[in-house]
C-alpha cells in the first residue's frame, strides 16, 4: 500500500483531531512482543557451545523417553520387546524374517506387540483373535504393507471397505461361477501340458530348483485365464519378467519411499507395465463383447455380465452391482489385484504340493489310483469340470498341503479407530494389527499331529477333529475380505496335481534347507524345491487302477 493512500490520510487526520481536542495525551501504540522463535534463535546464537550441546541432548533424550513411554502405554503388558529400539524398532529383524522367529512370537501369547519406525504393531496368533480382526470391518481394514497402496494404486478395490467393497465383490462373484470355471479349465490344461513338456525336456539328469518354473506356470495360467489372447506372447513375457519386482517390494518390511533404485520404485514401474496390458485387455474385450463375441477369459466374463446387466438380461441385484460402466483403468486394477492375489500364493502352494507328494510316495500312489479310476487308460484326454470335481482324494491332498505350509502366513490390517479385541486389551487407533494363520492351521485340537502331512484327516467324517473345527481353516482368510477366488485356486492346484501325476514321475532331492522356510510375500522352501521330472508311461488298456498306480 502507498504511504499516501486515502486510508493512511484519513487515519492521520483522525489522530490529529483527537490529539487537539482530547484533554489527555494519546497513548503510544503497543509494541509487539518478540516471537518465541526469534527469542529461541537469539538465545541459541548467544549460548556457549556447551549449553547448545546440552540443550540438544535434553531434547533428544526427552523425545526418546517419550517414545518409550508411548510404546509401554500401548503395549499394556502384552508379550513383546520390553523396550523398543529408538526410531527403527524391530526394523533390522524384519529385513531378514525367519519362520523360527515368527513362530516364537506367535507362541508367546494370543496377542503380542512390536514397533517398526514408530508404527505400533499388534500381532494376533490365536484363531479367535485372528477371526475377530478379519471380521471387524467397522474397526479394521486391510493395509497389506506400507508400500502396497503405492504399488497397487491407492484406489484399487482391494483397499475399499464397507458397502462399496461389498458391491464390488458381488459384481466379481460372477467370474467364479461353475460355468466360468469350466471355461477357464480348458485354458489351464493346455498351459499345464506345455510346461510339463518343458520340464521333461530338461537334459540335466540331476534335480534342479523348480520354484521359479512353478511360478512361470502359474503366471502364464493367470494371465491367460484373466486376459485370454488380448495380451500378446511378448506382453505376457514382459509382465512375467517384471512381476518379481512387485513380489519383493511387498515384503512385510521394506523401505517405503519410491526413490529411484528402491524396490518400491522398481515395483511401481513394473505395475505400470502390467496395467498397460490390462487396460488394453479391458478395451479390446469391451469391443468384442459388445459385438456379441463368446466369453474366452475372465475379463470377457465380467464385461459380458455388464453388457447383460445394461440390457436387462440379469436379475435385479446383478443389474444393481454390474450396470455401472467400469473404466478400462478400473477393470485393469481388478485384473492387477487378481494377479497379485493369485500369483505368489499359488506359486508357493504349487511348490510345496509337488514337494509334499514326492516326499510321501504312498500319497502320490493314491492320487494316481484315483486319476486312473476317473480317466481310464487315456491320460491325455481333455479334462472337464465334472471329472475334476470327482477328484476327492486329490483335492484333500491339496487341502492338507495348504494347511501344512499355508502360502500366506499373515495379512496386515490397520485399526482406523480404537478396537477392543478382547476384554483385556484395546488396539489403539492407527496401529497395524496383523492376523496370523499359522497357529490356527497347526492347532493340535483341530489337527492332531499338526506338523505331519496326513491328507486322510479330511476324510474321517463330520466328527473328525478337522471337520469339527472349521473356524481353524484360514488358508483363504475370513470375513468380507476373504479370498474371492478360493474355489478357482483349489481347482487349479487339484488339476495340476492330477494331470502331473499320470504324465510324469518326479524325485525330490531333500537337502538341509528343504524344510527351512524363505519368507517373502509368501513362503517357499529355502532350497527352491530341487526336483527332477521324468516321463510316465500311460497304463495299458485294461490295467487295474491300483496296479497302474503302483508301477
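Each Cβ is built from the backbone N, Cα and C atoms, and glycine gets one as well.
Range 43-66 is the one annotated as transmembrane segment, of 19-42, 43-66 (source: TrEMBL). Contacts of residue 483 (heme binding site) defined by a Cβ separation under 8 A and a same-chain sequence distance of 6+ are given as 341, 476, 477, 489, in order along the sequence.
When secondary structure is read from DSSP and collapsed to three states, residue 483 (heme binding site) falls in the coil class.
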